[in-house]
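For reference, TrEMBL has these:
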SIGNAL    1-19  signal peptide
DOMAIN    27-119  domain 'Yeast cell wall synthesis Kre9/Knh1-like N-terminal'
REGION    120-139  region 'Disordered'
COMPBIAS  120-132  compositional bias 'Low complexity'
REGION    161-185  region 'Disordered'
COMPBIAS  161-177  compositional bias 'Low complexity'
Amino acid sequence: MHYFLLLAVMLHALNLVAGDGITPTAPGPGDKFNAGSPCTIQWEVGENWSNFTISLLSGSNTQMQFVTTVASGLDGSDTSLSPFNWTCPEVDPYSAIYFYQFTNGNDTTNSKWTTRFTIASPSGESSSPANSTQPNGDAIPWGIGSLSNLSATTTTIATSSTISTSSATSGSPSSSSRMRKTRISVTSTERLATPTIVIPSGTTTTDAAATGTTFAAYRPNAQNENGARWNQEFCWWKMVVVPALGFIASS
């Protein structure tokens, strides 16, 4: 009995330890970063987070919206990674509505978050959050943001061709990526006129499968075939039998 009780306590302790991870410490309330400039993220190390991802989010506390991935495959026990610097992207809107999410592997239930901070324009301009309170009434301003067109990759569509696209990310106009070959077929719904073929025998046949100037080969029907055979036999009779009868009669 005591053995099973001790085992249960140990398993519970292991679960608590396994759930431990890094603790985000920055950015904090009032922090502001300009798009295109370095943005700093800090956290306290966690031994059990060996493969975590940092994502930039917006939205409310209950309906978080993904904006972009900051970094992935990070080792939470590596003290040299914090503080972590990356370049803040162009976003829309520029406001104090953005925050970071830390997730170890696929364990989204134990994710950690920073407080909201401001991403401003390259010149430092920003607007107030669209919402002053959370859906539950908490006085925490929030809004929904996304990458702006300047931070998105421009995709070009072409028909029946292989193309390359250039990334329109601010600060790196010369970067480019090779797109997969894309071939788009265009189907026309216009109906072609059905050609009519006139057969020498006097009968008219409509070939629905023929298009343009390509026609199906003419094949005589049984009636025409029998008539042709009779004409051949009649000509043979006139050329052979009739002269023979005339020769016999003259003799």
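Heads up, the Cβ atoms here are built off N, Cα and C, so glycines get one too.
Mapped onto DSSP classes, the region 'Disordered' (120-139) shows 0 helix, 3 strand, 17 coil. Counting residue by residue with DSSP, the domain 'Yeast cell wall synthesis Kre9/Knh1-like N-terminal' (27-119) contains 3 helix, 55 strand, 35 coil. Taken as a whole, the domain 'Yeast cell wall synthesis Kre9/Knh1-like N-terminal' (27-119) shows an average pLDDT of 97 in this prediction.
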